[in-house]
Amino acid sequence: MINVEIIKNYDKWREHKQINKSLIQKITQNILLRFNNFSKIKQFELSMLLTNTAEILTLNKQFRNIEKATNVLAFPSNELNWQDLYSKLEFLGDSDYMHLGDVAFCYEVIYNESCEQQKTFENHFIHLLIHSILHLIGFDHQNDTEAHIMENLEIEILSYFGISSPY
């Protein structure tokens with residue numbers, strides 16, 4: 001079970017009814033099921049903030065010390081490494097619960113990027129959702145090798161949902 005808490009504090013998000021708890025749960029479940037090590041966990045939790053440029057600017061300044069609006073910010077609750085997902089996850093212990101983390105999405109940046117890249121807003125959001133969930137479970141793109149691995153996994157998951165590669 002994946003419990004998703006969504007806070008929509010920017011009205012433009014309400015125009016996209018298909019971006020809802022059910023979609024987020026379905027995508028998150030698709031990602032987690034790819035890693036057998038998560039199978040013993042019965043309940044996952046994820047918090048989402050669907051917000052605007054002003055709040056993303058504040059979050060970026062506060063947590064990343066940058067003065068720029070970004071499309072998404074992911075705050076993992078656990079220090080996971082993607083390489084450990086393919087081996088034994090002893091650090092999870094006997095817990096059957098995991099809070100994955102918090103994610104904040106910026107409407108205006110996503111909207112502008114989707115227009116520039118000639119994608120639907122929803123498809124671009126789904127890509128960023130996949131990208132952010134992968135960050136929450138330990139994937140990163142600090143070097144070319146990591147970026148390639150993460151991008152290939154994103155492409156595979158997007159394909160499952162009928163969305164073409166953004167790369």
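Note: Cβ is positioned from N, Cα and C throughout, glycine not excepted.
What Swiss-Prot lists as Zn(2+) binding site is HIS131, HIS135, HIS141, and the listing cites sequence analysis.
Ranked by how many other Cβ atoms sit within 10 Å of their Cβ, the binding-site residues HIS131, HIS141 place HIS141 at the bottom. Taking the Cβ of HIS135 (Zn(2+) binding site) as reference, residues of its chain lying under 8 Å away and at least six apart in sequence are, in sequence order, ALA74, PRO76.
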